[in-house]
Amino acid sequence: MDIKKLSSLAHCAKTRSIVSLFDQKERANDFSLSTSHLYLDYSKQNITDVELEQLIEIAEDVGLSESITGQFNGDKINNTEGRSVLHTILRAPQVIKQQILGDTLANEVEAAELQMAKVVNDVQKGILTSHTGQRFTDVLAIGIGGSYYGVKVSLSALEHYRDLALSVHVIANVDGGALEEKLKTLNFETTLVVVISKTFTTQETMLNAKAVKQWMLSCASVKDLELNNVPLIIEKQWFAVSSNIEAAKEFGINIKHILPMWDWVGGRFSIWSTVGLPLALAIGNDNFNKLKQGAYEMDVHFKSTDFKNNMPVIMALLGIWNRNALEYPTLAILPYAHSLRALPGYLQQTDMESNGKSVSKSGDKLSWLTAPVVFGQEGTNGQHAFMQLMHQSDDIIPTDFIVALKGRSQYTENHKVLVANCFAQSEALMQGKTLTQVESELEMSALSTAEISLIAPHKTMKGNTPSNTLVMDLLTPETIGSLLALYEHKIFVQGVLWQVNSFDQWGVELGKQLGTRILSAIDGAEDDLLSASSQSLIARFRARSNVTPSV
């Protein structure tokens, strides 16, 4: 990436007012894009059409078109693990699967999809029941990372489409307190468990799975024990999504209840695969297919649209502009929809785990920064938390506002106020308020000149904060599919420009390795290579972990 070119382009932008860009009368129209389900207004970004054209040239120079083609065609773009990146193929028609995967693998994928659809159908119709013959009332999905965040964000986003007779819960954290609280609400005789782990060795997932298994077996009745039904509890009520079939079988899961995973589907992009089983159980096969259809439509847009009108490409270039040219280190994700409350957390993982790197694909140290720090919260809650800092600190925090124009609640006035707040915040972040404006307002009050001089500086707001506003008509499976695919592609494009491998996550591994060592030390093993700080903390834990809490 030509970082010098970016820096020279940004020279004027750093002292320019975004408001002044609206002297161009057609700016709102010219700096907006539409797809079949989404509308993007990026006119409040601090960028001109000339600068955007220069960014597009940079994208062309690094071979973005070829990279897009390579990803969709199955090139092994995850070079550190020697893998293709083909989550997109899972939402494509079967004929495309056959073209890219070949008949054998395409048929294997289709068989897995049909197996999953049958499970969903049989559970929802009461054909597949618990070991006591009862219909399932709850699904407990156990996973972590991509097998958690994707399911969680989709479940909340599509909560209005959920089967009311079947409650789906997701557990990820290894904290036993979270699991204990969840199990208190469940009936073991009517709970279906789905364990999601590619290797079936993930520490957090397997600890939680073993704890749930122990809970279920401890709940077994005397009659179950007399009839030797205990193995049936796991055999009939548990499913696994894994590539390690033998480990799942050894755990006690029926071979017919094991759905496959593939190494060319990364965890944080896996909701479109069999990992989506808990979601499909919640919303049904038809809606799950609509989710994939919405994503596929975004795929087609991404592959076939010129860069200037390509929504993922434009969002990616704007992110590059803000991160590397204007040097803003953060990105706020502010969905003005309670159903999208899990989106900021999902994008934290998808964005920062993908592009939070400092070496190129070839292993060279990069001379530019990569992924921003992503944070956010649902609106309007965020307005009463971190928005104070966004308005009045010296930090500029680029923001993505996301809103649905139509609500599903009977409280239509509430939704109108919600949308108004979304639009108002994007305007306020851009406009700000000068000292002169504040003083003029205060002069209309009964305050003295001295009081105005004291108060006025505290009411000024810097403004000039860039933002996107992403709009959809209504939260539907299709729009959510398009939204998730949009961010997937945006992150991929940024990875291409930053020249990083967006599909590995070696930074996660060091903590795992040290976690194993520290666990051994807690259990009594000596490890002189650990720091004095860690050894002291371990000693404190060993001395006090069995102390009865005073409260």
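Even glycines carry a Cβ here, placed using N, Cα and C.
According to Swiss-Prot, the protein carries these features:
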type     : residues : note
ACT_SITE : E353     : active site, proton donor
ACT_SITE : H384     : active site
ACT_SITE : K512     : active site
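Sequence features, as recorded in Swiss-Prot, placed on the structure.
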residue	record	Cβ neighbours (10 Å)
E353	active site, proton donor	23
H384	active site	9
K512	active site	11
(request) Would you kindly give the Cα-Cα distance separating K512 (active site) and the residue listed as 'active site, proton donor', rounded to the nearest Å? (result) 15
(request) Please report how many Å separate the Cα atom of H384 (active site) from that of K512 (active site), as a whole number. (result) 36
(message) Through the lens of DSSP with three states only, how would you label the residue listed as 'active site, proton donor'?
(response) helix
